[in-house]
Structure formats: structure tokens, C-alpha cells
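Visitor: Sharing a structure here in C-alpha cells format.
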Amino acid sequence: MNAVAGWLKASAKNRTTWVLATGLTLVTLVLAFVLWQNKEREINVELLRTNAWVAWQVEKEYLRFLLAVDHFEHHGGDGELRDLMLRFEILYSRPTVALYGPESSLIRSVQGVPETFARLLSVLDEIEAKLNTLAPGDTEAAKQIRHALKPFESALTEVSMSASRGEVARQLNERLDKLQVTSTWLLISLVGTASALLTFLSFEAARSRRLAEWEGEQRRKVDEANRALQQSEARYRHLVESTGAVPYTLDLSLGMLDYIGPQAEKILSYTSEECRSCRDWNGYVVAEEAAKLSAARGRAAQDLVDAELEYRIAVAANNPIWVRDTMKTVCEAGGRVTGYGLLFDITGSKRQEQALATAQKMEAVGQLTGGVAHDFNNLLTIILGNADALAERLPSKGQLQPLAQLIKLAAKRGAELTNRLLAFSRRQTLDPNATDVIRLICGMDELLRRALGEHVEMAFVPGDGLWKALVDAAQLESAVLNLCLNARDAMPEGGRLTISTMNIHFDQEMGARYDDLVPGRYVMVAVSDTGTGMDEKTSAHAFEPFFTTKEVGRGSGLGLSMVYGFVKQSKGHVKIYSELGHGTTVRLYLPHAPGDADDLEKPDDSGSFAPKGSEKVLLVEDDDMVRNHAQDQLRSLGYHVVSVPSGSEALEVLKREDAFDLLFTDVVMRGGMSGPQLADEAKRLCPDLPVLFTSGYAEDTAFRDGSLDCGLQLLPKPYRKQDLAAKVRSILDDWQKRNLGRK
């Protein structure tokens, strides 16, 4: 430690002295070590040489003795016996001299060799005993001697192998001796040279240290610059990846792709290597879009302007996808024009736009058809009412009675048509209740079989533990019938129709796949057929009103539209699956009803008998013809009627006269107060006043979701005199019962 400290504190001159002294010491130690190693190697070489010579002599005499045994075995004469005995004596002397002769110390110092020679002598002693009894011609004894030599051969093999290894080692040592001499002088030269170099290097240490410090500083600055560059690249890479876009560079001069990011594999289903190998980007673009893309990029290259356009790409394993291509044009050194761009997958946005456009179109058509149906209902109310009046006043067997009945029939068919229009526009008034769907469909079995005919096989597959659905049972029955009739028409040659039901629970993820579907429990009703089916283009228009694939005069095109409107108004969802030549399946997803109420067995209060009364009714209707017609019908039933055209006038009448037994008002009235608003104000003036609404549709605050609020009564237009009489009488009777109960 002191020497080290002295070295650190010494001047440059003293340091040189230390270096020279250290070098001479190292040379002395190296020479001493080499001389010692050389002496020890000479001794080892002599030992190995002696061992190898003795082993060779023993093996040579053994072979001669074996040859003499072979001669005696074939000839068996006295000469061969004497020769055999002589060869044995010589063979016996070789290991004996090696173990007990003047050079035995060399042999005995080699590990394992004395024991092996002792084994050789013991085997030879046994053979000597056999030789002493050997007589001329005794070939059988010679064979026994040959057999007895087997252990000798094994021991001799060990001696030979040991001698071979020794000979190899001896030759190696001789080579090492020569190499040692050379390396010794080389090592002495190197140590001397190293001492001189250490002296020189001691003077260079300070300069090298300063140089190393400078290089370290420069390396640190380079590392910091590289880290900053990597962070910048990572930051921009993360920014691009967060957009979900595919970056690319394009040689606009040649129209060839230089680079495209690895995101291409996820969005386009092509690897970046595949895209670069193609080079021509237009090869991936849908054929009808390629010309537009080429023209846009040509303008960008010529005018050096940026470009942004949308087009479709034929991806590897799917339908074409829509992409938005945003490209910045740069003129680089050498006149090359390069486009740096990003590709965004906008397929989902395009589908949403298409779905929104379809929904808006359906809503617009619904607004139109709903308004037209409402106006027609007003007209049909007058036509149907007057037809009833004519039928009552004309003789039952008169010539004009059939004409009156024909007018009634035509008005009813018109009412059915407008009801279908209202169903599509979701403006029909529904009375939803907890409905046993299985029971409803089973109740339609006979009707459906008659409607389908014998050529169509029908099957019903009810789901286990099916929930009740919160729907209008009559409208659901009509929807199922419409679907079955459409299925029948799609199977003119016959086929199989299957109605199935099951419970479905939509979670947030599943609900997001369907438009306007609230997550929750639903009852699914599916109607499947094995008919002609529809292609994708046709099925996309299936729910549109007046769209039909049937021949002219064989359908109104409102069947599926009515189903669509009914399900949507019931807060459900409808989905159609069809493949040309493989049939169609329409699935209705109806909201689950938590209660146990069942409206399948509602009593039918319509009939030919028109109950009358004498109560006082306030009639409010903005359409003059409808108001006059309703007034005449109520008066013909015995009621005292006061009619007004608006809600404000009705309130004035109520303030002057408070003895009204019923308020009968239209729901939607032009200008001013609506029917529900009038009812609210009338309740403040006359809390016990019962209210009956009438409307062609119910798009208002009271029926904003298309369903009747609890306790409200509605008479849909158009209505017959019997319907009006039964409804008014039912409300008045219920009101009187409640008043008697209070008393």
C-alpha cells in the first residue's frame, strides 16, 4: 500500500525509477521460473523416454515368444521346444530388469507402471510352470499356454498405452523445450521493452487523461443529442399512433410509394412490406376511385398544393373500407416532389352517416305519411259517420242500402290503410300491457295456417321461461301476421316458416350495435322463411313505405313499414337478415314487461248496439266538418252537446257553465291550445270532469312517447257511431260509479 501511495505522490523522475526497478525485478523472476520449469521438464522427459523404451522391448519379445508358440503348435519338434524356452527366458528378463535392474528407479517413479510390470511377471510365472512340463509334440499344452497368455496381453496393452501417452507427452515436452527457449528470450525482450514503454507512458498519462476527459465530454453531448432525437421521434410516433392513422410518403413525380407505417397491417390488412413491394398505391384503390385519386395527386404535384380526399381501399380480407387521405406536398432538393400523408379509417363514420341519412329519410317520410293519414282520418270520420247515418235511415232492403254499405266498406279499408301509415310514422296510439307472447302466437295458430295455405309448413319454437313483453297485443298480432304473409308470398312454390321466441339481455356493448336501443331485457320474436330472399340492396329498402317486390296490385308496400313503426314506437328494435336464394329472417326485439298484467283477454266493447244517454257534453274540434259530424252523432244518441272550435273558447264555456258531464276534445288542434293542455286547465276548473280524447295520431305532450298515460281515454279516428257511443257511455258510467262510491 505504501508503494502504491509513493507511486501516486512521486514526481515524473521518481516514477521512471520505479518503472525501471519494477521491470528488472520482473525479468529476474521470469528467468528463475523458466530455469526451474526447464529442469523439471528434463527429468520428466527422461522418465517418459525410459518407460517407453522398456514397454517397446517387452512388447517386441512377447511377439517373438508368441511366434515360437505358434511354431511349436504346428511342428512340435525338439528344436521348436528349445526355441520356445529361449524366447520365454528373454521375455521374462525384460520386465524383471525393468523392475529390479540399475534403471528401476526411473521405472518405479512413473505412476501405475510398477504395478503393471508386477502383473506381467505373475502371469509369466504361471506360464513357466506349464513350460517346465511341456514335451515335444504336446500341441494341446501349447494351446493352453497360448490361452494363459490372455492376462499377459491385457497387462501388456496397459503398458503400451501408458508408453504411447508418455511418448506423446515426451514429444510435446521436446517441442515445449524448443518453444520455451524462444519464448524465454522473447519474454525477456518484452519485459525490457515494457519497462521502456512504461517509462514513456508515464509521461503520456496526463495528456491521455486530459484527452479522455475531453472525449468523455463530447460523448456525453452526443448521447444527450441522441436521446433528445429518440424522444422526439417517439413523441411524434405516439402522436401519429394516437390518431389511429397510417403515415406514408409518396414520390409524386413517379406516383410511387416510398414508405408506409406498420399501422397499415391493422387498418388495411396489408403488411408495410406488401404495400412497399407494390409501390403503385393505386393498385389498392377500388377501381372506380382510382381515377379521382390520380387526378387529385396530379394537381397536388403540379401546383405544389396540399390534398385531402376520401376514397375506398380494397383491403386484404374484408369489404372495401373508406379512408380519408390528408397529404402535404413538399418540393425537395433536386426537384423531387414528395407527399407526406396520413390515412384515416373512416368506414365507421361513413356507416353512421348512412344510418343517419336513412333514419332522417324514414323520419321525413314518417312526418309526411303521418300528416296525410291524420287529414285522411278526419275525412274518413265524416264519410264513415254519414255512411252509418244513411244505412240507418234507408230501408234495409231498399235499392240504396247496398250503396251505403259499399261506402262504409270503402271507408273502413281507407281507415286500415291510414292506420298502417300511422303505424310506420309511429303516430298510432298504443295501449301497451304485459303480453304473453307465446300465448298470443298460439292463439293465432289457426288464423296463420289458413293464411299460409297447405303448401307452407309452419313451425313454432317457443323459448323457455319467456318473459312478458310490454307491447300493444293487437298491434303485435298484426305485425306477426304481416310478417307471415310476406314470408308466404316469398315462397310461391312452398317452403317452411318458423316462428321462434327467446329472452335476450342487451348490455351496453351489445346495445351500442343497434340504433336507439336502450340496454336491458327484451323478448325476441323471429319469423324465418325458406323463400327467395333478398339481396343487400333490396333489404336496405325493405322498411320504406310503398316499397314492394311484389307484382303491381298484389301489395301496398306498407306491411313491413307498419311492423317497423310499431316496434320502434314500442321502444324496441327490428332487424332483417336476408340472402338471395336462402330465405329471410325478421327479428323483433320487444321491451320486457316487469309486471304480470296480461291484456290478451280484453273484452270487446264494440258492437252493433249503440248505448245512449242524456248527459251534457262539451265537444272541442278545430275541423268544422268533423265537429259538426260528431255533434250530430252525439245528439242522435240523446246527449246535450255544446261544441266549440278551440281550447280557449272551451275554457270560457266552462267558466260560464260548470254543469258538464264530459269533455270530448281533439288532441291536435291548429293554433293555440292542444287537447291535453285544455284537459289540464279544465281539471283546475272542474276537477271531477272526465275527459275523452280523439285523434288521427297522438303526437303531443300527453302522448309524447306514443303511449296512453294511466287514466286517459282515447277514441282513435276514424270512429263509427257505435264506437263513439260505447266509449262515451263507458266513461260516464265509470264516473258515476266513482261518485256513488265517494258518497
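Glycine is treated like the rest: Cβ placed from N, Cα and C.
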Visitor: When TrEMBL marks a stretch as transmembrane segment, which of 52-70, 185-203 is it?
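Guide: That would be 185-203, per the transmembrane segment entry in TrEMBL.
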Visitor: Which range is it, out of 215-242, 579-606, that shows up in TrEMBL as coiled coil?
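Guide: In TrEMBL, the coiled coil feature sits at 215-242.
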Visitor: In sequence order, which same-chain residues at least six apart have a C-beta under 8 angstroms from Asp666 (4-aspartylphosphate)?
Guide: Val620, Glu621, Asp622, Asp623, Val626, Gly675, Phe693, Thr694, Ser695
